[in-house]
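Peer 1: One structure coming up, written as structure tokens, with questions to follow.
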């Protein structure tokens, strides 16, 4: 008498630890991507950019667009990682590996090239920041970003010096407006521990009559020199963050690759067992 035996699926080859670590990390980053995407879309809706896409051609950098693109990329990649790990889908895991690998390689190449051509990179940054100053009043998010950098982060004014605000049509000394020959209030030095400054504190600060007392009212050093000083004094922290991001990417790439290999090996065993019946 022949007894047919049911061959049970052997799940021991697929590591539950790697599977759920992969799933957990990607859920976390998926939520981060969703939040970034939501912030970007909300900011665009507030500025009515959906009906005025042409404005993007006049703005050198749009923080809301940066949030949208970054959030969408993280959202898509991590969604593929989540579903691929949870459902043990080798196609999604391959898609995930390719995208994470490309991003990691791109970051590595950009980092190496930026180090080799650091003078060119510095010139490009200066050019872009000057374009941001030119468009300071054209986009509220760009204005808030520049104000935050000048007032709360680097304590600076302009690109190389406060004189760079001459590039802006509202602060240019030939402008007929009330801000002529001035600088934004974010260039002003906060005194006596105050958390705010007079919004007109930068008025006429580019005029020669303020040559003797300008440094008591506004920051006169540009944000590029101050940014270089900040980077030098926080080099270990910045390097640690960069290495930490790279390590996380490598770990996720290894998790996805190992999980995909385990799933393929398990599928091959199931097919072999079915063929042996």
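Indices start at 1 and increase along the chain as displayed.
Cβ from N, Cα, C; glycine included.
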Peer 1: When you get a sec, could you say which of 20-44, 120-144 is annotated transmembrane segment by TrEMBL?
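Peer 2: Feature transmembrane segment in TrEMBL: residues 20-44.
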Peer 1: When you tally the Cβ atoms that lie within 10 Å of each candidate's Cβ, which of the disulfide-bonded residues (157, 173) has the highest tally?
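Peer 2: Buried the deepest by this measure is 157.
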Peer 1: So what's near the transmembrane segment (235-256) in sequence-distant terms, Cβ-Cβ under 8 Å and 6+ beyond its ends?
Peer 2: 18, 21-22, 25-26, 81, 84-85, 93, 96-97, 100-101, 103-104, 107, 111
